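Feature annotations, courtesy of TrEMBL:
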{"type": "ACT_SITE", "residues": "ARG294", "note": "active site"}
{"type": "BINDING", "residues": "GLN109, HIS111, GLU136, HIS275", "note": "Zn(2+) binding site"}
{"type": "DOMAIN", "residues": "5-153", "note": "domain 'Phosphomannose isomerase type I catalytic'"}
{"type": "DOMAIN", "residues": "169-256", "note": "domain 'Phosphomannose isomerase type I helical insertion'"}
{"type": "DOMAIN", "residues": "336-376", "note": "domain 'Phosphomannose isomerase type I C-terminal'"}
Amino acid sequence: FSPVVFPLSCVVQNYSWGKVGLESEVAKLLTSGDPLVQIQPDRPYAELWMGTHPRGDAIIRDNRIPQKTLGQWIADNPACLGAKVKDTFQGCLPFLFKVLSVNTALSVQAHPNKELAAKLHAQFPEHYPDANHKPEMAIALTPFEGLCGFRPVEEIVSFLQNVPELQALIGEVAAEQLERSGSDDPRGVSAALRVCFTRLMKSEKKFFVDQLNMLVKRISQEVEEGKDTSGSNGELLLRLHSQYPGDIGCFSIYFLNVVRLEPGEAMFLGANEPHAYLHGDCVECMACSDNTVRAGLTPKFIDVLTLCEMLNYTPAPSTSKIFPAVQSQLDPNVYLYDPPVPDFAIMRIEIPASIKLYLISAMDSASILLVIQGTAVGTSTAAASEMSLCRGSVLFISANESISLHLSSPDGMLLFRACCLL
């Protein structure tokens, strides 16, 4: 007998922008899930990867299974994906599930669509490691802040008027064109926005560093004098500048929406949507790819030309960036985040303390289950032995298998389940 539901031990990425030591939700989940894990207090714990990506293939924690990793096991048992998923995605798990703990900003970036990904991968495989698109969705675990999508034009125009250093980088002609485009057809607006953003991102290094220093100095003085700096987004500018001094990405806050999510709220980032996570903890799910086109707030390879060419220049208010969860008709404890792509969906499962027996229902897709809070014993005919679940536990569930949870925590449970709904 070989189990088809089993616990996983997942890979941590220690990127420099991550929260440090036990301030990190990633680190907290790790040590709760496995008390033997040693958390180093001065090390960043940025991402937990739950999936089969070659740079972080999860390890199977069931000694009855001969395969070491989830990727190897799925390759040998592709039927576990579910018939439709297996056929659509060539026998591979189509998503990568993550937890992120963000302390300092991630780079201003966008992810290519399939067509562009194939082209970039063929031309520059060292920077674009695969040929897949990478839509992604983030669901806040703690108050979460990010930049996402272009602001409404009137907001950008107002910053151009309040921030002379920004106007200097873009130039009067482009700035006026954007102001005048306000009443135009949407294509005119997008074209003007593209010119302005491209001019900013391609400005001469020495020139933009000088302008940035002038701006930081001016806002710092205003803060000291107790003035309101919201007209130039002062608080965020100073914070980003302290993290990435002299980086062109600091100016992106005048073009991109600042989106603040409360726990349980989500944002979806489609192809070509400019974004940068700024602070907080979230679960994230994405198509299985590592393709990122970057242009600021990073010491990594930046590809400004590709980024400026590919972006979606449609302005929209920040409220429109919050992606709604829909409560399930079949099970009121389940909230579904179902983005407009086939590769993945996420369920948030909130089990109240009054429920002592709960069924994680079978579905026609492999799924990965993450426990954020609560404890239970899981039983499944597909596992043939009891699994103890607690904060930080991660389970792989093959298609068409269910799990009974026998809850033992006084506060109920909070779970997230990543799957593919075709």
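Just so it is clear, glycine is given a Cβ too, placed from its N, Cα and C backbone atoms.
Applying an 8 A CB threshold to same-chain residues 6+ apart, the list for the residue listed as 'active site' reads SER107, VAL108, GLN109, LYS300, PHE301, ILE302, ASP303, LEU307. For the Zn(2+) site, the Cβ centre of GLN109, HIS111, GLU136, HIS275 serves as reference, and the other residues of the chain with Cβ at most 8 Å from it are ALA110, LYS134, LEU269, GLU273, THR292. For the domain 'Phosphomannose isomerase type I helical insertion' (169-256), the DSSP-based tally of helix, strand and coil residues reads 68 helix, 1 strand, 19 coil. A mean pLDDT of 96 is what the model gives for the domain 'Phosphomannose isomerase type I catalytic' (5-153). Long-range Cβ neighbours of HIS275 (Zn(2+) binding site) (same chain, at least 6 residues apart, Cβ-Cβ under 8 Å): VAL108, GLN109, ALA110, GLY146, LEU147, CYS148, GLY149, LEU256, LEU269. Around HIS111 (Zn(2+) binding site), the C-beta neighbours below 8 angstroms that are at least 6 residues distant in the chain are HIS133, LYS134, PRO135, GLU136, LEU269, ALA271, ASN272, GLU273, SER289, ASN291, THR292, VAL293.
Summarising the environment of GLU136 (Zn(2+) binding site), the number of other Cβ atoms within 10 Å of its Cβ, over all protein chains shown, is 23.
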